[in-house]
């Protein structure tokens, strides 16, 4: 029955009709099974609110009809005897069709995942697109290499030649690739996200957009700052959006004229003020040091919110309460002063002479103004 495709006798004609009939029936059955399965999965997903079944339904809906026809033809050809050359050809066709259909299903799954991932506002859409393109590129590269290997192509030499070309391209676009992988690193590691308030160097602002090459920051003064992703990752960033609590350290100084009993009371006074303030947790208050002009106190407390405006309101309230407490106890804040002590006799005599001269009447004789009698 060799070379049956090119023959015209009755047996070969019957074989051709058999292959055609079985292929058509197989195609219709496969279409019906895939359609019913896809609809059942979609219905089950809607009824039970399960996204995975809907995901599988969408993937099955991306079955290629041409490849499905190739599968059906392969089923029909199994019923007749083929020459070794034709059988080898159709076996290659079977593998190619299967590899392409699997790649189409996986590609559809990646695209659906990307769409669902981007719709989530917490995720960076640029990073999602980059990851999707990388996965899809790797998928089709592997599929192409598998097809070439099945056709007898030496893929080792092919991949080696591509590697040399890839190195040349990478050197040409080194800066762009650096920013691209920096963007991917930001998306995967998530040191910051859109809406985070960050501070680095002399720049402070809110993250507006994370792109493939740059990140855009809206500063406190209103202008937009554009930073390279690679350079941004080299900085030490302070991310205040993720701060749950704020530890505050502040100090104040009292005059050295303050009695020791009142100085001893001050840590307790400050503690009562802070504990009575909402959204705070007292840590400590101590007489820290004897400075040149003040008795230095240090106070530490925790603000139980990351809101900066709320922190400033709390600090202002504490400052005013401390001022009120000091006023009630007749205690003064320390302020810088200078005391001039004159111990040199010559300097003291000169200063005394100038004081007497300034005190003498203007119409007095010169000898009285000089403080000496002329002879």
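From the backbone N, Cα and C atoms, a Cβ is placed for every residue, glycine too.
According to TrEMBL, the features are:
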DOMAIN    139-174  domain 'Mechanosensitive ion channel transmembrane helices 2/3'
DOMAIN    176-242  domain 'Mechanosensitive ion channel MscS'
DOMAIN    248-333  domain 'Mechanosensitive ion channel MscS C-terminal'
TRANSMEM  12-30  transmembrane segment
TRANSMEM  93-114  transmembrane segment
TRANSMEM  126-149  transmembrane segment
TRANSMEM  155-173  transmembrane segment
Could you tell me what the rest of the chain brings near the transmembrane segment (126-149), counting residues at least six beyond its ends with Cβ under 8 Å?
95-96, 99-100, 102-103, 106-107, 110-111, 113-114, 117-118, 155, 158-159, 180, 183-184, 186-188, 209-212
Can you break down the domain 'Mechanosensitive ion channel MscS C-terminal' (248-333) into helix, strand and coil residue counts using DSSP?
37 helix, 28 strand, 21 coil
Could you tell me the mean pLDDT the prediction assigns to the domain 'Mechanosensitive ion channel MscS C-terminal' (248-333)?
95
What does DSSP give as the helix, strand and coil breakdown of the domain 'Mechanosensitive ion channel MscS' (176-242)?
19 helix, 25 strand, 23 coil
